[in-house]
Amino acid sequence: IIDVFNNFKIYPLIRQLIERDFFRYYKVNLKRPCPFWPDDGQCAIKDCHVEPCPEVRVHRFLLHYSKAVNTMTEMEACEQAHELGAINSTLSNQSKEAFEDWARHDDAQDNFCELDDETSPDADYVDLLLNPERYTGYKGPSAWRVWNSIYEENCFKPRSVYRPLNPLTPSRGEIRLSLSLFMFALGLCLEKRVFYRLISGLHTSINIHLCAQHLLDEGWGKALWGPNVQEFRRRFDPAETKEEGTRRLKNLYFLFLIELRALFKVAPYFERTFINLYTGNTQEDSITKDLLLQIFNETKGFPMHFDEKSMFAGHKLEAKRLKEEFRLHFKNISRIMDCVGCSKCRLWGKLQTQGLGTALKILFSEMEIKNLPEHSPSKGFQLTRQEIVALLNAFGRLSTSIKELHNFSTLIKEHR
């Protein structure tokens, strides 16, 4: 049901929406230092972690990519990760003038993520369409450390549960239990299991994007991107992952349902006539809002919505404490994203983290949304431009992941 609903109703609309001007530009600070460990620089190669990769000559021929990519010299691999992970910061003068107008129009508005990106002088608008999420060559200990930190520090779990540095390579003699099974076995509360599943779902979605937009070939200055079935099976095939891949995909669907529920809940906020998605172009703004309202209408017809009332349903004081614990853990994740050594990966990691944080903010604000005044702004619940852009783009990434699962299923059948 979820696949059909997403692939035929949601995905076509969300694809159109995130290409509109309001949603294609995201303000982000990619210069914040990692607050937890020394910066690894731009690449994950062990010999490059102290110094940044050497400057790559603009007109040099791109290295030929093949299945033997790991035979590249470490410096070449470092340069490749630097190139593929670089941000395209191209913006027209017209766009820059428009951003100043947007800032004058927006009113500064409980936040689940760091707000420094919105107010920092180092923050810049990035065109998301010029910087698609795809394989960059960022991998190895640096990337694993980021995800290990997110799981280890933010999952409400006993410190005795160990995750290997490389999650795809079990340690010799190590008895590894699924973290989710550990949680159920220890009887941890629903809210804490939910948090783990959200992070796992986000991790899964990002990995699907990298498998779907993998670097298949680069020669004569032109790269070829497309689905890498072998990489997808390595991460998600039940036989190759000892059933862990199946759990990862279930968590992706769980995250999709959470963010879908948030869109359903926040619809009344946007359905008010005075709420517009301002870019200064009246016609563009009208088309954008119509598309957004179409998505909200589709969410109302979905029959399997997640029941968030089961979360934080205990005593009011306990519920308040758990909500605050969620919020603080999520803010910590947004800070860990500053430790990602690849600019493009950091961009999409920050955006999707903020999008999920915004979805949780919505689900925790049901009464405030119900009490919104029809014809005037409310101090009880507000969404900033950044939160709106992150929310819909993050949901668009999940929608794309589910669509890509169908594509990979077709390719795998064809390969048999």
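Cβ coordinates are placed from backbone N, Cα and C, and glycine is handled just like the others.
Bear in mind that the values here come from a model prediction, so they are computed numbers and not experimental data.
If you look up TrEMBL, you'll see C342 marked as active site, nucleophile.
There are 25 other Cβ atoms within 10 Å of the Cβ belonging to C345 (active site). According to TrEMBL, the feature active site maps to C345.
Under the heading FAD binding site, TrEMBL lists R134, T136, W147, S200, H203, R235.
The disulfide bond annotation in TrEMBL covers C43-C48 (among others).
What TrEMBL lists as disulfide bond is C342-C345 (among others).
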Cα-to-Cα gap, H203 (FAD binding site) vs C345 (active site), nearest whole Å: 12
Cβ atoms near R235 (FAD binding site) (within 10 Å, other residues, all chains): 19
Max CA-CA distance, Å, over listed FAD-binding residues R134, T136, W147, S200, H203, R235: 21
Close in space, distant in sequence - R134 (FAD binding site), Cβ under 8 Å, 6 or more apart: H209, L210, A212, Q213, H214, L215, W225
Between C345 (active site) and W147 (FAD binding site), the C-alpha gap once rounded to whole angstrom: 12
Euclidean distance between Cα atoms of C342 (active site, nucleophile) and T136 (FAD binding site), Å: 8
